[in-house]
Amino acid sequence: GWPAYPGSNGIRSSVCQKKLGCGSKNLASLGVCKAFCPGRKRFWQKCGKNGSSGKGSRICNPVPAHAVEKAGKGLIKVTDMAVAAIAKYAGKK
């Protein structure tokens, strides 16, 4: 299924960052969010509510779009885990 259009407010980068809890747990996730959220915003601006720009653009394919929505959430989790691991490792030396 096509991911639900977040609404004109929901595509805002700041809303995306807040939703993902960017930088709230650790600052490293902020960088990931700052890369992910504007990209996501551009995607929705380009592809519109139904996920197709009408030009048959590959970027608007619902499959990668759905993956991107899920990956965004997963990305932050992974970043948090990686930073925790690095901090732990650095503390050992």
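Placement of Cβ uses the backbone N, Cα and C atoms for every residue, glycine included.
Annotation source Swiss-Prot lists disulfide bond at Cys16-Cys37, Cys22-Cys33, Cys47-Cys60.
The secondary structure of Cys37 (disulfide bond), as reduced to three states from DSSP, is helical. Cys22 (disulfide bond) sits 10 Å from Cys37 (disulfide bond), counting Cα to Cα. Cα-Cα distance from Cys60 (disulfide bond) to Cys37 (disulfide bond): 16 Å (rounded to the nearest whole number). DSSP classifies Cys47 (disulfide bond) as helix under the three-state reduction. For Cys37 (disulfide bond), the Cβ neighbour count at a 10 Å cut-off comes to 22, with all displayed protein chains included. Annotated pair Cys16 (disulfide bond) and Cys33 (disulfide bond), C-alpha to C-alpha distance, rounded: 8 Å.
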